[in-house]
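Novice: Shown below is the structure under consideration.
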Amino acid sequence: MSTYGTLLKVTSFGESHGKAIGCVIDGFLPNVEINFDLIQRQLNRRRPNQSKLTSNRNEPDKLIVLSGFDENKTLGTPITFLINNEDVIKKNYSSFIDIPRPGHGDYTYFKKYNVKNKSGSSRFSGRETATRVAAGACIEQWLHTFYNCTIVCYVHSVGNIKLPEQVSKDFERNPPSRDLVDAHGAVKYHQGRGTFTDFFGNVYNANGEFLRGGEAAPEGATPADGTPTDGNPTDDPLANARERLSDPGECTLLQTRCPHPLTAVKICSYILKLKKAGDSIGGVATCIAHNVPVGIGEPIFEKMEAELGKIILSIPAVKGIEFGSGFDGTYMLGSDHNDLFGTLDVPEEGPCQRGWTLTDALDSKRGEVTPGGSRAQEGTSFEKDACHRSGHLSNLSGYPSNGSGNPPNGSDHPSNRSGNPPNRSDPRVDESTRETSPPSGEKLLVTTSNNCGGILAGITTGNNIVFRSAIKPVSSIQIEKETCNFFGEKCKLKVTGMHDCCILPRLPPIIEASTSIVIGDMILRQVAKYGHSKLPSVGSLSRSTRE
């Protein structure tokens, strides 16, 4: 089927080499202000032909709004988005129309529909994911405005190149913003010299080996990890890097979406070598949903993990998903794996909503959190205090310069010209009746660790939802292989056309959008049963405490 959701339904349509692709969102709330520029920015993060690391199919992926809005405000009627296909070269596929491509759905598609796929991968192409990015980027603006919920995905590994273990743990506790993911994941490539330059200006050779520190590298930057290890530079490293990387001159800007500069350089080197050889590679992407309301998820067959798994596994090339400790948890004892409960005490003045996790609230009692919500830990890949402050990055990846890399809230909303809070008077979602605190005498419990990945018994705990997706190597490779045609005859095949060597750099906005769709539907299902009084969240409690 092409529809996901129970109350909030998203339907996608169109084929990879058809005239257009699109989606319909049904069941979305009325009177929600949507900034179409934010949707377009997420589409831009996903689109092909971004750099030498991605497919050279030149699709601008410009969003076309067909229905569901009065200017920028939803009507409560079906929302329809359309994206034209503009770079279709069908002749690239004519030479192997009778040969099912290994790793693709050509054979199974034929057996199911009795139709040979003459061009591209039709409905089974990764091209379809542009439609869910449009839908999810719309839905997540509502999630952020009403629940302060933010979602970020980044590349954890490509092949055997992965984030350092401590850096990965720190990111799962304090998620980086999308701005930071794109800033630290950007690498300048000087093809003539065969050198790479990372976020901090450090220079590496074609194999990703450190050569020298750059003039713009902040004090404390070391080739060991490619990141600053001490001090608080007076200059803004994010703004400086943006200025350097936005005007590469004779260099090419590569985007990995791996928020660790040294790892990003190694990924670039590896992918370019594989692309030259005509091969492909997969990897792992990590997604973190922050400030998800407590208590959403439906037993037994529609648990939060099950629903997330369903939509994430529907993304082409995704072959697996794990939550929290995942498969590593099988090596742990129950005494180590169990997440113990504690109470949440939100300080009157302290970390802002973004960059503040449940374990941070507990750790603040022991003085382990700095005033800006950052956590100084050895091996972290960035200064969290600086990177999560507003105004530190104009916008490399998505959301306007509120500095969070997430949809704006309140008077910062770009569609709100008056500076007043967005309209929340919709009778179907009455925020004035919403109880943001537990009943008298009860405490909002949180877990001091997060091996469960923010979900227990299929229901959200309020901790960060953390999951990782396993991505297989791209099936279309330019290495000749012996296979069989539809008639059982041996033949040789070398796939031509416009394909990615590795889809990981384009994957984060797809996973972010898919996660938004699931959370949005689950929230509406909970509200339909119990109302907003049963939707406490850490973000709302933080606001009510300060107010």
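Just so you know, glycine gets a Cβ as well, placed from its N, Cα and C.
Okay, these came from Swiss-Prot:
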- H17: active site (ACT_SITE)
- H104: active site (ACT_SITE)
- D500: active site (ACT_SITE)
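Surface or core, plus neighbours and distances: that's what I need for these features.
Specialist: DSSP assigns H17 (active site) to coil in the three-state reduction, placing it in neither a helix nor a strand.
Sequence-distant contacts of D500 (active site), defined by Cβ-Cβ distance under 8 angstroms and a gap of at least six in the same chain, are P48, L53, T54, S55, S280, V474, R506.
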Novice: Measure from the CA atom of H17 (active site) to the CA atom of H104 (active site) and give the result in Å, rounded to a whole number.
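Specialist: Rounded to a whole number, the Cα-Cα distance is 16 Å.
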Novice: Identify which of the active-site residues H17, H104 has its Cβ surrounded by the largest number of other Cβ atoms within 10 Å, counting every protein chain shown.
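Specialist: Its Cβ has the most other Cβ atoms within 10 Å: H17.
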